Amino acid sequence: MPFELPDNLHPDCGPVAWLLGRWGGRGHGDYPTIEGFQYGQELVFTHDGRPFFHYFARAWIVDDAGEKVREAAQEAGFLRCKPEGRVELLLTHNTGFAEVWYGEAADGKLELTTDAVVRTESAKEYTGGKRLYGNVEGDLLYAYDMAAMGQPLQPHLWARLVRQ
């Protein structure tokens, strides 16, 4: 699906403009403390001309046939665009934590690392992560590495999403 830059795009958001829109697809997840799984996911990036994007994502567990089994994670926040491809990401999650991420974007790639994590009393232990988003052949590929439940930083989620 072709993508056109919006007329009111803030100049600082140029390096991440390719993310704008709705994306959907399937991914895989694994971690030492859980059984491997497949999931469906939808990501939405919107903007209003100011130097940030609003972000929302939801996921659901799927079976081997791709049929929805149950709802899974949701996250929402703001991707704040700074000069020279620097970005800040503020996220809140339905699982009881909030994060501050810092990173850089260039050449169809966005790399982020957590700077701070805040958890509610009932949230599982989670200490940080790394995210990599890439524009590959017009699709959105991403990988998410996580440190949680006493485990060191390691791969947790990866997916290929297409523009909807």
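For all residues, glycine too, the Cβ spot is worked out from N, Cα and C.
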From 7-13, 21-27, the residue range that Swiss-Prot assigns the feature motif 'GXWXGXG': 21-27
For the motif 'GXWXGXG' (21-27), the number of residues DSSP places in helix, strand and coil: 0 helix, 7 strand, 0 coil
Count of other CB atoms lying within 10 Å of the CB belonging to His156 (heme b binding site): 20
